[in-house]
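J.: Have a look at this one before I ask anything.
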Amino acid sequence: MASAGPSGPPRSTSQTGRQRTMARMPTRAYTMRPDGFSGEDGVDIVEEELVPSSLAPIVPILRAANEIEEENPRVAYLCRFTAFEKAHIMDPNSSGRGVRQFKTYLLHRLVKDEQETKRKLATTDAGEIQKFYEQYCSKYLEEDHEKRKPEEMARHYQIASVLYDVLKTVTPGKHEYDKYAKGVEKEKASFSQYNILPLNISVPRQPIMEIPEIKAAVALLRQMDSLPMPRIELTQSSDGKTVPDEMDRPVVQDLLDWLWQTFGFQKGNVENQKEHLILLLANIDMRQQGTSHHKSQGMPPHNSLLYIGLYLLIWGEASNVRFMPECLCYIFHHMARDLHDIISDRREGSFEPPFQREGSDDAFLQLVIQPIYSVMQKEAAWGKRGTVSHSMWRNYDDLNEYFWSKKCFKKLGWPMDPTADFFAETRAKNETESHGHMIRRRRASKTNFVEVRTFLHLFRSFDRMWAFFILAFQAMVIIAWSPSGTLSSIFQPDVFKNVLTIFITAAFLNFLQATLEIILNWKAWKSLEWSQRIRYILKFAVAVAWLIILPTTYSSSIENPTGLVKFVSNWIQNLKNESIYNYAVALYMLPNIFSALFFMFLPIRRALERSNSRIIRFLLWWTQPKLYVARGMYEDTCSLLKYTTFWILLLICKLAFSYYVEIAPLVEPTRIIMSLERPPYEWHEFFPNLRHNLGVVVTVWAPIVMVYFMDTQIWYAIFSTICGGVYGAFSRLGPDLRQFQEHSAKKLVPNHGSRLKRDEEDKNPPFDKFADIWNAFINSLREEDLLSNREKDLLVVPSSGGETSVFQWPPFLLASKIPIALDMAKSVKKRDEELMKRINQDPYTEYAVIECYETLLDILYSIIVEQTDKKVVDRICESIKDSIHRKSLVKEFRLDELPQLSAKFDKLLNLLKEYDENDPVKKKTQIANLLQDIMEIITQDIMKNGQGILKDEGQKQLFANLNLDSLKHVAWREKCIRLQLLLTTKESAIYVPTNLEARRRITFFANSLFMKMPRAPPVRSMMSFSVLTPYFKEEVLFSPDDLHKKNEDGISILFYLRKIYPDEFRNFLERINFKPKDEEELKERMDDICPWASYRGQTLTRTVRGMMYYRKALEIQCLQDTKDPAKFDRDGSIESYQVLQSGIEMAQAIADIKFTYVVSCQVYGVQKTSKDLKDKSRYQNILNLMIINPSLRVAFIDEVEAPTGNGATEKTYYSVLVKGGEKYDEEIYRIKLPGKPIDIGEGKPENQNHAIIFTRGEALQAIDMNQDNYIEEAFKMRNVLEEFESRKYGKSKPTILGLREHIFTGSVSSLAWFMSNQETSFVTIGQRVLANPLKVRFHYGHPDIFDRLFHITRGGISKASKTINLSEDIFSGFNSTMRGGNVTHHEYMQVGKGRDVGMNQISSFEAKVANGNGEQTLSRDIYRLGRRFDFYRMLSFYFTTVGFYFSSMVTVLTVYVFLYGRLYLVMSGLEKSIMLDPRNQQNVKALENALASQSIFQLGFLLVLPMVMEVGLEKGFRTALGEFVIMQLQLASVFFTFQLGTKTHYYGRTILHGGAKYIPTGRGFVVYHAKFAENYRMYSRSHFVKGLELLILLVVYLVYGRSYRSSSLYLFVTCSIWFLVASWLFAPFIFNPSCFEWQKTVDDWTDWRKWMGNRGGIGMSVEQSWEAWWVSEQDHLRKTSIRALLLEIILSLRFLIYQYGIVYHLNIADHHKSIMVYGVSWVVMLLVLVVLKMVSIGRQKFGTDLQLMFRILKGLLFLGFISVMAVLFVVLHLTISDVFASILGYLPTGWCLLLIGQACSPLIRRTMLWDSIMELGRSYENIMGLILFLPIGFLSWFPFVSEFQTRLLFNQAFSRGLQISRILAGQKGIGEFEFE
């Protein structure tokens, strides 16, 4: 057995002397049987899944036991016994987690098996195992081994190896099997589990290893000529002697094995990267069509591969260090130098490896990666999972940027110095902790940048933008303030002199920027190079100098005014007479002039910025710090012109609008206000002598200024909508279906010529190849149940058929053409030309007529046997041809009889389809009679001269003898079905298919082929790619219990889905050929129904199915590439099938090379051993997915807990890749990690990072768990990958290809529809504009395709630092752009995506995105891009990222500023005295016009604009307008206004206080009713509190204000604020299903009161107790900075203005304006608080034991209150209105005290006041809850409100057949099952 195994095992001759029943019985001194392992849960136990991670080596033994259980139960028992023995040896004390329970279970199993199993082959166990070992090896390793698959042989070798171990356990000592077993082990290694390439398997040879490029790559790696070999010390035996066996020596077969032995990499890593490198080389070779890929300049072939292999091995084992690209480069630099030294020194044949650790195979990991990981781990621990301020700890970026400086080479050295400053901090921390003392110490400084929580980052990062807007505003105000007030006044000397003051403002802004650079970066000061420090100091000094020089020179030149004309004309002649200020301005502007000149000459600027020349670096030192990233980020001239034009036009419109609508109209009223005398105040004014009424001026102008800085976002929305619409209209033209066929063949099918000519036109498009693609698409729609069987038949192109002279189009294109042609034939009576003209008007009619005629003849000839019959048909054909030739068809044939003939043919085809072989005689007679009828009709009724054609010869009847054998062939029956469809289908093609999703997909597929896309290359020449999906604990597959479980409304998922997708469920039942009669019968088919339901949810099963379409598409395309379409026989013959079959294996092999799919199931290993049934089912479902999809790979983090020498346990972590075997998962690679990856960074990017090493190819698609794919889109993958090498991008090759998405959850509810439309507009029109013309598209977590090789050398496909990289996806786009990448967007390919469907889930998603944007604002990436982009690209960048959220916040703040300004005017009396002045009345509208603009944005209309444009482009503007109206009727504006509050709250709070974290939004199916308390918890702080504050402001202004009530525009502004208040307060309830049902309202109130009444405490969750929730809501205040707390306190003081203003308007105040009035109000406030405190203390002390005393106390307080109120009413003339006004004034004051108390909680907790603060908070929460609940309770009385709300929420679902009223009623008394 030379090829598959060692020679046969020696036969046992004698077993005496060492035979025994057992080696030793297992001891029973362990624990009792554990719960969960007994199987009482009804789950079959799979032993290997019970094995703890620390006992993983015994899993193969248990698997072998299960495999041979049926063959020999006794040997299976011996295997389990051996497993138990090994487990006891590995962990004798059972200290590992779960070990004791597992041992107990296995012990019980052994006791049971020992009694029940019997020996079959011998009388002793030793004899039994020996005999069985002999038989097994002989049967499976020797006999017919060549016929078995490698996977099967690998399993048998594994079992043989286990059996030998068992043999050694049962019969210890040496015996005759040892040598044979070593041979088995050697052969077993060659059949080890592999990923894609079976590199070790020699027989049988695998097709993938026969591919020439793979063979060449393998041969190249095995060229090891003249390489010195490392000295390898063999392992020592127990007696201290070296084992003299060559088998124990590591095998060095290739260059990567050599690197493994040289640098101490892990074996799993080496095997993984070996395959990776071979596939890369082979793919590059394929794409270059065989040109040599390894001939580097002046370097031997293996040398270049050694360096590539070295980098890949470093990268493959770097774990978290992969996020630090420059750190990897540092390691590679030094190791490459070591490598160079080794291969350069050829004097000796061997060398000492530089990395060695005794007794370990992970030397590189321990010596290089582990120390760096330890630093990262300690820093992450110091950061407390991102909750500590960013400035206090170093994140990934800080640690990576340490390696940007040259000092790392000196300080860190190689090997790395553990005393270097990079490690020193960690060591100091350990020393501090070990002594147990709290010692304040200096932290290692941040590197280059500090993420400080402040809004000033927005100015620091985008200072040029703010300077532009501020200076433009100043200039416009100066011009508007001029006497004429026109733009031309700038030419007036005085005006121009004043305009020149903008340079003084610019100097101040420059000073502010220089100051911020120093202050905000102070904690990184130590890490900066001396040149950078000098630069910061000099910039600050220069800014201070200009801040002094410009004002000074301006003041000195005030006597020498100059005009613009004079300034320009006399500049040269009158230099001496010019003011010194002009010279100063010219000098100040000089750098900007140079910058503008460089901006015009982009190539020069790009070259200079990217240069490393010392001279150029010195010259640029002032403008650009020396960084590795963000250098020379300039686009080509064409792109520059496009986005510059976009922004110049936008800014002109914005500034013109601001000047004429916002600024100029306000100047005159402002002048009048300033000219008025000091007005009388109605309160005590602290600044009565303030000149020019500045308080009023500030109040009037403040909201206008805020609108001015915000409305650029509005203009951007308008311009981007227009630009995106125009671009979209030009990129897709309306398709003609015939053109569609040609376009599809040209775009999706490669040329037959060379690859270089693939962009040229192909004059003969291969339609047949496209037919295969089309049919695969239609079959996929049928398999997904989007089509019925009939619709499928109408849509497919025949896969086989007769030799027709025309192309056989899908029947739906030819539908109704034959009936129409028959009508034409009936109506034409005179000339053939008229008939031909009518038929030729529609080419499809012509195609249908010709195909039907030729197919009918084909069918007739195939069933006719007799020659006489054939002669009859021939004569008929000749007659027809002759009449057509002579143009006498109409004259010689009665065409009006054709419908009669058509009906007969229809009957004939029915009989042919229904032909039954079991009853052939009856059917044959019917067919013969029908055929005879047809011939009689033709010859006698239709042909005018055909009477003599039908003549029987003798007794033989014509058409009586038929050959029906062809009916047995499927292809022949398909032909009959197609012909019948053509003859009988009368409905138009416009109604096929009926399913909306199928229509959408077909339409998009057709449209996409008219867009610009590269021509598809052959599969061999396409780029290889991988897909990576991170998975945590989401749903994998719905179980029957999941589908039948009903929620509180009585809705099950299955019922819900059947109502949402009724047509798809009918199609599903038709597909499985099942017609259930009731529910019980349906439950029998749950194995089919569970996948059907899962494919309609956001499950991993759906995602995997979608991604595996890539492989299916590649196999089809590869088969097409290997056959010649001109010669391919389409008649379905056996020969043709054999030709097709012969290429399938090679097609699968090439698909393996080109495509890899890895799902990173982070906790798969935990789920495998979990006792939780939900986790267990997820593991089992993932395993099933791997078994069903053999090319699917799952990567997970395996946590192994093993005992250490001192009795403790230690956890070790591994990255593991597995694939599906026959029954189990098979481990392929296992790579040890330095620690737990997710301890360092965010979960999702860490999950991606650990698995990225298992991906392959040159491209990588990032797919989320809630995404889907379609096979028709998969066919376009090779087209889109060609974009990476497209010549149209010039040198800026794309590094990220953006794709559009289809949101497939839009039909669930109106909310889901809103989100779907919003998301669709963003991923289409939004990203279209971002990519072109703005060039600022990044990565947004969508299905983008990365240039994998580019990104694995630049930090990966995401960033992972805790908190700051919360939106991890977009940072990969930032990183790619800064490192020279180019991000593009392509709309001809789409991927499905699910979104959240409920109000709370949507709000959670918006909050997560807003949190992420808040963190982005603080990041170094935003700062560098904002500083390094040119001005116009910077504007694009700002307004499409953080600027959108800041503008949203400013929109809300404008409302606050406006209302508080009105409050000031009203309460102070200024409005009454000034704003109602007659001179001011005519200018009042100026203020109103300016404020109206912000209300537009606030209403959310601008978010709808892009939707309308995109829907208009794709469905027509009539449809778009209709959808817009429907959205408004469904209260879309309420929804978007509400989400505006979500964005504002979370964005602002994140920047001020932090606390951002990943919010799991949930992807549930059924839209459920959220309880009132749940909504209150979610929206209390973000919406309800702010809404009530605005409500009080509006009420106060309504009561005390008396202005502009007649102004409609002002009314619109105020109404918009009322609308905002109503949206913020009640949107969660409007969009909450069943919110207005009376029973639900009662339940909600009960739940709310219970929640409010529960006291907090240990173990109480926020869902159980208000107190616990209230404390948790203040978490961000406990972790924030002093600066943020002070700001919170200052902001909370605004609530005091209510009390201050109202008390002076009380009747009891009697118009007194003394400060004492306000003082007395505070006395009253304090008395009220004291009384409340007394009641609280009384309740605590007397409430339980002395109830009588407590009641007396309350009675006395009540009497005292009544007495005081009586005195106030009678003596001081207090009125009822005063009481209500006081409440209105005091409520905000109490809230102010509460906010201050919360901010100062650490101080107040030390006093007795904290309980009072908490009770005060509880009182306010009760009041707010009551205010919110009263309208809900009132509306719940009216049943029609609930019905109206249901229709409002679920209109979309209604239109698709969802009976929501019945659903929400709970199906009481109604059978759930209904079938039509």
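For all residues, glycine too, the Cβ spot is worked out from N, Cα and C.
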J.: Quick one: sort out which of 1-24, 337-360 is the region 'Disordered' according to TrEMBL.
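T.: Of 1-24, 337-360, TrEMBL gives region 'Disordered' for 1-24.
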J.: Looking at 697-713, 714-730, 1496-1512, which stretch does TrEMBL describe as transmembrane segment?
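T.: When 697-713, 714-730, 1496-1512 are checked in TrEMBL, transmembrane segment belongs to 714-730.
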J.: Considering only the recorded stretches 495-516, 536-554, 580-604, 640-661, 1437-1465, state which has the highest number of Cβ pairs under 8 Å to the transmembrane segment (714-730).
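T.: Answer, by Cβ pair count: 640-661.
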J.: State the residues, same chain only, that lie 6 or more residues beyond the ends of the transmembrane segment (1715-1735) and have a CB under 8 A from a CB inside it; answer 'none' if no residue qualifies.
T.: 684, 1699-1700, 1703-1704, 1709, 1753-1754, 1757, 1761, 1782, 1785-1786, 1789-1790, 1812, 1815-1816
J.: For the domain '1,3-beta-glucan synthase component FKS1-like' (302-417), what are the DSSP-based totals of helix, strand and coil residues?
T.: 78 helix, 2 strand, 36 coil
J.: Quick check: do the transmembrane segment (495-516) and the transmembrane segment (580-604) share at least 3 Cβ pairs under 8 Å, counting only pairs 6+ apart in sequence?
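T.: Stretch pair touches.
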J.: Averaged over the whole of the domain '1,3-beta-glucan synthase component FKS1-like' (302-417), what is the pLDDT?
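T.: Here the mean pLDDT over the domain '1,3-beta-glucan synthase component FKS1-like' (302-417) amounts to 88.
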J.: Near the transmembrane segment (1783-1803), which residues from the same chain, at least 6 beyond its ends, have a CB less than 8 A from one of its CBs?
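T.: Beyond its ends, the transmembrane segment (1783-1803) has Cβ neighbours at 1589, 1592, 1595-1596, 1674, 1677-1678, 1685, 1688-1689, 1692-1696, 1698-1699, 1701-1703, 1721, 1725, 1728, 1809-1810, 1813, 1816-1817, 1820, 1823.
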J.: Counting only residues 6+ away from its ends, which parts of the chain sit with a Cβ under 8 Å from the transmembrane segment (1756-1777)?
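T.: For the transmembrane segment (1756-1777), the far contacts come to 1706-1708, 1710, 1731, 1734-1735.
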J.: Determine which residues of the chain contact the transmembrane segment (536-554) at the Cβ level, with the cut-off under 8 Å and only residues 6 or more beyond its ends counted.
T.: 500-501, 503-504, 507-508, 510-511, 513-515, 517-518, 521, 528, 579-581, 583-585, 588, 622
